[in-house]
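Q: As annotated by TrEMBL, domain 'ABC transmembrane type-1' applies to A:69-282. Look at TrEMBL and you will find A:12-38, A:73-94, A:106-124, A:156-178, A:199-218, A:230-252, A:264-284 tagged as transmembrane segment.
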C-alpha cells in the first residue's frame, strides 16, 4: 500500500482537479443524458419514457444518421493521418538542434491555438468562398475557380485542410519523442552507411511508436468530436446537401433546433460507444506495433 | 506563520465577498422584468431606447433587455424554458406560437384587456392572429407580408414595365431575362428562390391548396413541388438567376442577399425588412408582390410579423403588462419603434406615425395599402415540425439546384419526407 502511494501518489495528486471536475460537474449530466436517451423530451414538457425507441429509430429509419456517420468517418479517415504526417514532418524538420527552436515551436504551434476558434472557421469560409483568396491565387496560375465550400464534392476537403493546418499539439509531442531517441543509434547507422530513409524506417519510426500511438488515439477522438469549424463553415446546417453534416452538427441540430433532446442524448451515447470502440481497437492492436523501451518480457 | 497569514487573507476575502453580496441585494430596483427578443443592430438600438424611455417614466421598474439573432433565438429560448428561467416577456413568432402554448409555456392575456392592456380598438384580424383555442396568448406588435424587393435603377434601365402588384410568374421570368440581357449577365434578374419555402407556400396557395390542411397533414402535392422547382430550373438554365454556388448557402444575412450585393435585381423578403434592406443597398429599392399565377388564387398573405407574449415564469405580471401596454400605446415609444417590427395594428398609432415617416417607411406603408385586396387569408398555424420541413425543403432543393437529382424524384422524396417529419413531431 505504501509502495502504491509512493509510486502513484503524485500522479493522483495531479489528477485530482480532473477527478473533482468529473465527479462534481460532469458525472451528473452524463448520467442524466443516459436516462434522457430512453425518453422523448422536448425540453419543455416532462420527459416521457419510450424505451429503446430512439435507438431503434436511429438504426432502422434515420437516413440522416447514416449520412452523418458517413461524413464523420470520411473526415476521421482523412484528417487524422493528414494531421499526424504533417506534425511528424514539421517535428523532424525542427529537430535539428536549432538554438532558436523555441521561437519556431511557438510559431508552428500558433495555428492550433487559433484553429479551433470561431474566427478561424469564419476566415476559412471566406478563403475558400467562390470569390475568396484561394480562387484568386489559383486564377493567377490559370486554374479555373471553383466553389470549394458550396460544392458538396469538395466541401469536406476544406475542413481536412483546416485540420491539417492545426498540427501543433501532436507536433510538440512528436518533437519531445524525437528528442528522446538516443543519438548514438543514428551515429552507428551513419557509420554503417545506412541511408537516411532507412534510418527513418528502422530507428525513428519504431522508437517513436509509443508517441505515434498516443497521438493517434488522441487525434482520433478529437476528430470524431469536430464541431465548431464544421458548424460555422456549413452555416450550422450541414449544408451543402448534407456534405458537412458532421455527427456532432447533426446531434446539435436535433437537440437545439428541433428540440429532440431525448433523441440527441441517444445520438451522443452512440458516438461515445463508437469512440470507445475505436480507442479499444487501437489499444488491442498496439501490442503488435508499439514497442516500449522499458518493457520487461 | 505563512500558513496563518494565508488563511487569514482567504478569510478576509471571503467575508468581503459575502458582505458585498449582502449589500448588493437592496440596491436592486423594486421590480425587475426581463424582455427577450430576436433582433438586428437597428432593432436592438430602438428597443433599448424604448427601455430607457419606459424606465424614466416608471422609476419603480427596471427592465433588462436580452437580444440575440434569429438563428440562436429559439435555441436559447428552449433552454431557458427547460430551465424554468424564461424572460417575463418574450418575442413570439406565428410559427412557434401554438407549440409554446400547447407546452404550457405562455400565459393568456385576456384578463388584462381593457384594464391594464388597452388594445380594444386595435385591428381585429391581426389581433386574432394571436389567439389559440379562443384565448389571446400573443400581442401583435406589427404586421407584415412577403415582398419581392427590387432595384429601381436596374428595373428602369432594363425597361421593365410590368405592373408589379398584379404581375404573373410569366412577367417575372420575362423581367429576369430582360435584366440579365441588358446588363450582359452582370446583374441577374433575381435570386434563385427555389429553396425558399415561403415562396413555394404562395405557389401552393395559388394552386388552390394550403401547404398543411386543417388536420396538420401535408396537402401540397408532388406536382406543386415539381412545377415550382422546374420553373426555377428553367430560369437557371437560361442563366438569368443568381449562381447556384450562392444559392445553396442557406439563410444568408440580408447584407449578402443578391439585391444588397448587387448580383441581382430582385430578392424575396418580409415587408418589415424593407428598412433594413434599404440600409445595406446602394440603389433605391422598390416593393413588388410575389408574382401571381395567371387565373390562380391569391397566394400571398398578411401575417403578424411578431408578437409579444407573457411567459409562464413571469414574476410580476402587473409590471410586465404595464411595459407591454406602453409598447403599443405610448406615443413616445411607438414613435421610436416606428415600422421596424412591422406595421402597427392600431389605426391611432398609424395616424400618429404618418407625418414623420422616412421614404422607405412610406414605401412599406404604401405597399401594404396596395396589397390589401390582393392577398389571401391567413393560413392556419403550421403543425409541430414545420421548421424541420423547411430545412428538408432547402436540403432536397439543394440537390435539384446542383443538378444531383431530377426534379421529379426530388419532389416526390420531399413530400414523403415532409409528411414523415410531421408525423414524427406529433
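Just so you know, glycine gets a Cβ as well, placed from its N, Cα and C.
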Q: Given the transmembrane segment (A:199-218), which of the listed stretches A:12-38, A:106-124, A:156-178, A:230-252, A:264-284 has the most Cβ pairs that are under 8 Å apart from it?
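A: Per the Cβ count, the answer is A:156-178.
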Q: With the transmembrane segment (A:12-38) as the reference, find which of A:73-94, A:230-252, A:264-284 contributes the most Cβ pairs under 8 Å.
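A: Selected stretch: A:264-284, with the most Cβ pairs under 8 Å.
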Q: Is the transmembrane segment (A:264-284) packed against any residues at least 6 beyond its ends, judged by a Cβ distance under 8 Å, and which are they?
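A: Sequence-remote neighbours of the transmembrane segment (A:264-284) are 33-34, 36-38, 41, 54-55, 58, 65, 213, 216-217, 220-221, 224-225, 247-248, 250-252, 254-255.
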Q: Under 8 angstroms, Cβ to Cβ: which one of A:106-124, A:156-178, A:230-252 has the largest number of such pairs with the transmembrane segment (A:73-94)?
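A: If we count Cβ pairs closer than 8 Å to the transmembrane segment (A:73-94), A:156-178 scores highest.
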